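Trainee: Shown below is the structure under consideration.
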């Protein structure tokens with residue numbers, strides 16, 4: 001009995017030490033500096049920014065974080081303005097700081113117009129690894145906390161978060177929102193949250209899609225008369241060398257953030273900030289896809305510009321984009337093609353080949369899906385959410401196995417796959433993202449969206465996202481495949497690629513959206 005107690009005490013001590021080390025790793029970051037409000041009443045914060053790297057894109061894809069979680073979330077049903085600067089994370093995600101409680105506990109959150117809840121990790125989140133890498137809210141340390149106790153869950157495409165509803169004051173810049181209901185997350189069931197650089201999410205969508213029917217932060221800001229206008233606006237800085245990531249302004253907009261006048265369109269459905277978009281042009285040619293109007297959403301929580309497979313494929317073909325998995329597939333062919341063939345000839349089971357090669361972590365069977373089988377048999381794209389090399393390896397195994405059934409010659413099969421790239425290029429990236437040749441930007445066409453009968457042009461320099469891989473630079477197409485199922489879809493999602501070029505005003509008082517060229 002004494003021995004068992006000693007073992008349990010040692011285990012408990014190890015857990016505490018690991019937790020403390022993880023907390024130190026998280027909090028040992030350079031502090032965000034606050035500055036006083038300027039003459040226009042705008043509160044500005046100094047921001048941290050990091051360059052984008054290819055491994056981050058791959059990690060995101062492998063974690064299944066490419067799709068926008070908010071679209072599959074399961075919910076229960078100028079002057080006097082306050083500005084919150086945003087952090088530009090890898091030029092793909094923007095963050096800001098908020099405080100919760102009295103005294104305020106600081107959190108880095110995504111200001112997401114594609115969702116409606118505020119949630120942060122709870123100090124009672126014991127069994128989810130992502131919680132140990134982020135700041136956690138402790139209700140016992142707040143003098144203004146009120147318990148609610150209602151359970152709440154938000155489901156995402158790559159996992160979910162769940163917890164209980166709590167109520168406390170929320171500090172945004174120089175604004176204090178009292179008695180805000182939020183989710184204290186006690187479980188974070190998504191590996192993508194482990195690699196994320198934010199603690200939680202502050203939703204700026206409508207209450208109609210709020211989980212637990214919680215009143216959104218923005219609603220309370222308006223009801224508590226903390227803002228002069230029922231308007232907030234985003235300015236996202238896409239300059240990779242700039243010190244500022246951008247700015248979120250509550251109660252109005254900063255004229256320094258845009259040029260000319262805004263083009264306004266009505267919100268057609270409350271929930272997401274949704275409007276009708278017109279024709280989509282590649283170069284000067286109409287695609288004809290949205291001539292009769294398409295539903296579109298402005299979503300600050302989405303990195304790129306996402307749309308239906310058919311038109312995004314056409315765009316990426318026009319700009320010479322290639323799926324990241326397509327490149328990985330060719331890599332697998334060149335490095336492992338002969339070994340895959342030989343292992344299958346020796347009788348190794350197809351679902352064990354890639355694990356024996358060390359490409360897949362498990363036995364391989366978990367990665368083979370009916371979607372991949374369909375790609376091989378029908379040469380059609382499929383969205384998969386597995387590790388890139390593993391996915392490509394499993395694809396090649398099934399292809400070679402099928403050729404063996406037809407007694408095809410080894411060299412002919414491998415040359416067909418690698419040189420014609422027919423099979424590799426039929427498989428899109430898990431996150432729908434594609435790479436382009438950085439040297440081809442001068443020859444790529446402009447892409448234009450019609451909003452309010454006005455063309456909003458994106459040049460190659462604007463819709464191509466540059467990332468770093470060592471001393472090299474990789475270019476990613478700003479257009480990704482994302483098929484939103486009915487009844488919410490099909491929809492276009494205008495994320496940071498678009499919002500970085502066009503300053504965006506969210507007018508909840510008049511239920512409209514405004515777009516103007518960003519300064």
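Glycine too: its Cβ is placed from the backbone N, Cα and C atoms.
Keep in mind that what you see is a predicted model, and the values were worked out from it rather than measured.
Okay, so TrEMBL annotates it like this:
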| type | residues | note |
| --- | --- | --- |
| DOMAIN | 94-516 | domain 'Peptidase A1' |
| ACT_SITE | 112 | active site |
| DISULFID | 125-131 | disulfide bond |
| DISULFID | 290-294 | disulfide bond |
| ACT_SITE | 299 | active site |
| DOMAIN | 324-364 | domain 'Saposin B-type' |
Trainee: Check the Cα-Cα distances from residue 112 (active site) to the disulfide-bonded residues 125, 131, 290 and tell me which is shortest.
Mentor: 131
Trainee: Among the recorded positions listed here (290, 294, 299), which has the Cα closest to the Cα of residue 131 (disulfide bond)?
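Mentor: Checking each of 290, 294, 299 against residue 131 (disulfide bond), the shortest Cα distance is to 299.
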Trainee: Tell me which of the active-site residues 112, 299 sits in the most Cβ-dense spot, judged by other Cβ atoms within 10 Å.
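Mentor: Neighbour-count leader: 299.
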Trainee: Determine, to the nearest whole angstrom, how far the Cα atom of residue 299 (active site) is from the Cα atom of residue 125 (disulfide bond).
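Mentor: Each residue's Cα considered, residue 299 (active site) and residue 125 (disulfide bond) end up 28 Å apart.
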Trainee: Give me the Cα-Cα distance between residue 294 (disulfide bond) and residue 125 (disulfide bond), rounded to a whole Å.
Mentor: 42
Trainee: Measure from the CA atom of residue 125 (disulfide bond) to the CA atom of residue 290 (disulfide bond) and give the result in Å, rounded to a whole number.
Mentor: 45
Trainee: Around residue 125 (disulfide bond), which residues of its chain at least 6 apart sit with Cβ under 8 Å of its Cβ?
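Mentor: Once residues fewer than 6 apart are set aside, residue 125 (disulfide bond) is near 131, 136, 163, 185, 186, 187, 188.
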Trainee: Cβ atoms within 10 Å, counted per site: which of 131, 290, 294 has the most, among these disulfide-bonded residues?
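Mentor: Answer by Cβ density within 10 Å: 131.
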